[in-house]
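Presented below is the structure to which this report refers.
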């Protein structure tokens, strides 16, 4: 990256500032609508995009989409500002800024879209922009690989999602989400299960649920602002958003409950363990994001007010603190040149503001009162206790939250307040443009915790939207009394502290465990290898490069096509009408067959050409006998020309058989006889059917009176079917031009460069 | 009225003659350009007439159908003619930069214009034997273009291309003879009724299968596509672009025409076979693409894969499916021609088309990168580009029929298309050049670069345009599909039952 | 006679398929000539065959008297013969040029456009 960066370039550029400014303006605009939404209102805007297909570009601003829109634009503006400084002077920063901005718009479109297909369009756009962003360091093969992995995996899920949406739209008669949701749960529909599976495939790949999770940690190949924005705060939550958005339609079944709880639970626990295992702080954060996504999925499995409130509150607070933490890690990386957890330490003295932001964010993450993280965790625990699967959910949530406490300490305590590490660079505090984001986000986590009513203004309308019915609200409280969630919180903290103190030993153990478990990432590579092997294998079999194979298959298919038709359909009996033919006919037939056989058998070019001439004459004789003198004359003329051409050209061509004798090819013979016989059968059947002569009768009747010609064949050629004749002349002329160009062009090419020189060029 | 039908064919022919006469000077390319613009105007006039009046027909030499030869344009024909003219103009501009004087002197522009004339003729004719003639015009011009320049690879490719195409032509010709023997007519509209009246319907099915094979080779469906990957990567890029855009589509068009207008008596057999042929075409094509490491070879195999979507649209034989097929046809011509044009610029910048030997385009030629992304991701069916709506219609049609296996493959092939498009992207654009070359645009002289870039920009703009505003195209495809499925207007107009302009 | 023609066509087709599948491209050309003949005969026979009555309008009459040969397929065959000749001539030129440059007409050895795998490395 270094050689692409000009350190003296100013960071305040159009590409640096404009996206952030526009995004900030959008944030303010959305914030302006917050009171309306909080009061239970909603805003809808629709444009008939493709009326023929019921695709509208309809946007629906309700509680859920507003919360997401605020996160997207708010965090977006801060991240864009941060990125402008972080990547200042990078030669490709303008592209980066463009992609990031396009991503922001796509994400906004995704959460605002009310039409399934429009939503899908934005969904794929986020996939696409994220592909470009993950591959930002495109000279690095790993970066390219990881970008592709993320793209393929999420696009695969996207295709399932598309199928699900189409099925949903076709069976329900509408593609408008608000209309679908108003109709309540589809759990009773016959199509419910396939729809659910397809939609969940889309949501789970996008939101990186196990076993589709592995692309997310790999996506950290992107620059840190991207990780903070896409792969933590916004895009990966698109799947969660979808689950929340479709909750009224798709929840309300055992399948929903169990699937979301299990997938979410497994993801949560797996990710928390893996988070402990990481040394690179960015990877640690990536896994905690995964963990959060699992928890959110698990919570959305429920339908109680507590579960949904827990999900929405957690989603909200996670976006704040996780983006802040990523950005502080970026600051640390920027300042010290490393993200190694074992190396970093004692940075708080030189980077006090960064340390403050990290500490605040981490406290919120650990769920310490009075941070919003604490409130969210409490509500989530309440939701868990109310779940039909409460023992499972509580256990999973407890484990995950405890691990999160430990991880919070790892990312925010040790680097800043732990013992001084041996750093590659002398650290310094970050510039204000990069500090602004993490500080604001971290402080918000505290502010919303102290004033939960303020957070409720954003979170509760979202809850209402997910529930589909107005919720009681009032669950977001700093102090909810002595209850089970509080007890669980205490246990969580204690457990987390223990985990933190022992995390280095644990890390080694997990590493050993991991080595024995399935390696999804390597599995992905194997999958691609297998796929490539299949692709190459099939192509080698089909596209052999040998003309003979191609023609054999082509003739084989022709034979199969005719025979399949003959066998599958009743074509009637065949009548061999050979009686009454004179010696003349048999003679001509004998002549043609003899010429053909001679062509077949000979190894001499001269004999073959003569034999072909004989066949041509035989065919001409048929034309003569059967009233086609003009055709016969042309046939003879062409035959003569062919012989002359061959005499000129073919004799300069090589012998027919290099060994002097022709090899016998029994398989070819079988195919040849098959095709020949099939043609005979079809032609006989056709000629034995009744014939409609009306065209010819018309020509016979009008040839002289209307077209003034007595030779009907000629009249057809020059009058009735002029266009054919015109085309025919064109073919002959172009054939001559083409042949001339071919022969002359080749010669001039050889003259110019010489065969040997061309050989070298190749 | 009938002049509207004649001009799109006559203009390229006349242009060919003039371009050949002036082939030795710089005039040739300008004549070709002017002719291409003329063709585009003529086809635009034809399109507006069709939009205004529905199907229009013209009886050549003033002999009423079915006795003379009828030229006829319904929605499908008209849009194919327009898209041919667009592709023709795009490649004519491109050729002004790419084609060297040596090839011009050999008659490049004339051959090219004849090719366009042949393709247009094939789209407009309403007579089966005349269709054969246009096929031949197109074929002989394509022979000439394919081997023009005469590199060894071209000659080898030429042998395979010529051999397989000649076989298909003769199958087609025999099929015409047999169908005539059974019905006594050649006019396609007339054939509809005549074929339905044939007593021996089993025999009609057999002949339909022969047509399927003959057109199947032209359209490059499984397992008849060998000639395409064997040849499309060898000629100049302008030629491979126009081939990629148009040639196989003539086969698809012919299948669409014959298997909606004439061979509809045994849909349960013919179209069912075509469904599975289409699915296999999609899958083998996309796997073939995945196996390649050459820019143009990947694109070539993708043509096959996408032909499968188009024939699938026909084979499923519902309004929605045919609508998807038509939409796909139009979208694909623009996108695929453009990708070949981009490949040509990439080759000029980096020195090769072997993806292992090139790279660095993203860094040094960002605009080319953007112009590749558009058609590439459109091809892969990413929204909101044209390819997405094409895929969407086909997938929706399959789901509507509850044809799950087909739906699965239609979606899977979309995913695998992303795979090989990103392979090109990763290796030609993102990866640094292995020899450290910085493929900056200035490596190509402006006189060559600018004509090569203009059509790329234009076609990419169309791809985005169709993607963002698909409604008129969807509506058009809808009417088109309706006309195909119940060709009463087509038949009546051709046979003069409906009032005809003199 | 249509039946006998059908048999002749079958023989021609079988022979041409066999020839086209031969290793030498020269034999493909022979097969092509035979196959063109076969296709022309298919069209001719499909229009039904009438002996000894060319499709002419006699002097003084406005239409042929009696049954005459079917003129339409004859016209089609004429067109097809000429087109077929054009294609054949080009193909012959192609074979000629290919032999001159590639030094072989054995299709097995024509692997310039689709090289044998691994062959590219050896060339470079």
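Just so it is clear, glycine is given a Cβ too, placed from its N, Cα and C backbone atoms.
Taking Cβ pairs closer than 8 Å, the transmembrane segment (B:6-23) reaches residues 31-32, 34-36, 38-39, 42-43, 45-46, 58, 60, 71, 81, 84-85, 88, 104-114, 116-117, 120-121, 124 in its own chain, all 6 or more past its ends. The transmembrane segment feature in TrEMBL is assigned to B:6-23 (among others).
Long-range neighbours of the transmembrane segment (B:30-51) within the same chain, counting only residues 6 or more positions beyond its ends whose Cβ lies under 8 Å from a Cβ of the stretch, are 1, 4-5, 7-8, 11-12, 14-16, 18-19, 22, 73-75, 77-79, 81-82, 84-86, 88-89, 92-93, 95-96, 109, 112-113, 116, 120. TrEMBL lists B:30-51 (among others) with the feature transmembrane segment.
Positions annotated as transmembrane segment by TrEMBL: B:71-94 (among others).
The annotation transmembrane segment is assigned in TrEMBL to B:106-125 (among others).
The domain 'NADH:quinone oxidoreductase/Mrp antiporter transmembrane' feature in TrEMBL is assigned to B:126-416.
Summarising the annotation, TrEMBL assigns transmembrane segment to B:161-182 (among others).
Residues 135, 164-165, 167-169, 171-172, 174-175, 178-179, 182, 195, 247-252, 254-255, 258-259, 263, 265-266, 269-270, 273-274, 277-278, 280-281, 284-285, 303-304, 307-308, 311 of the same chain, all 6+ positions outside the transmembrane segment (B:202-225), place their C-beta atoms under 8 angstroms from a C-beta of that stretch. Feature annotation from TrEMBL assigns transmembrane segment to B:202-225 (among others).
Feature annotation from TrEMBL assigns transmembrane segment to B:237-261 (among others).
Under the heading transmembrane segment, TrEMBL lists B:273-291 (among others).
Remote same-chain residues near the transmembrane segment (B:298-320) are listed as 219-222, 225, 228-229, 232-233, 244, 248-249, 251-252, 255-256, 259-260, 267, 271-272, 274-275, 277-286, 288-289, 291-292, 326, 328-329, 332, 336, 339-340, 343, 355, 379, 390-391, 393-394, 396-398, 400-401, 403, 406, 410, 413, 417, 420, 423-424, 478, 481-482, 485 (criterion: CB distance under 8 Å, separation of at least six residues from the stretch ends). For B:298-320 (among others), the entry in TrEMBL reads transmembrane segment.
What TrEMBL records for B:367-389 (among others) is transmembrane segment.
Per TrEMBL, transmembrane segment is recorded for B:401-425 (among others).
The feature transmembrane segment is assigned by TrEMBL to B:446-469 (among others).
Simply put, out of B:71-94, B:161-182, B:273-291, B:367-389, B:401-425, B:367-389 has the most Cβ pairs sitting under 8 Å from the transmembrane segment (B:446-469).
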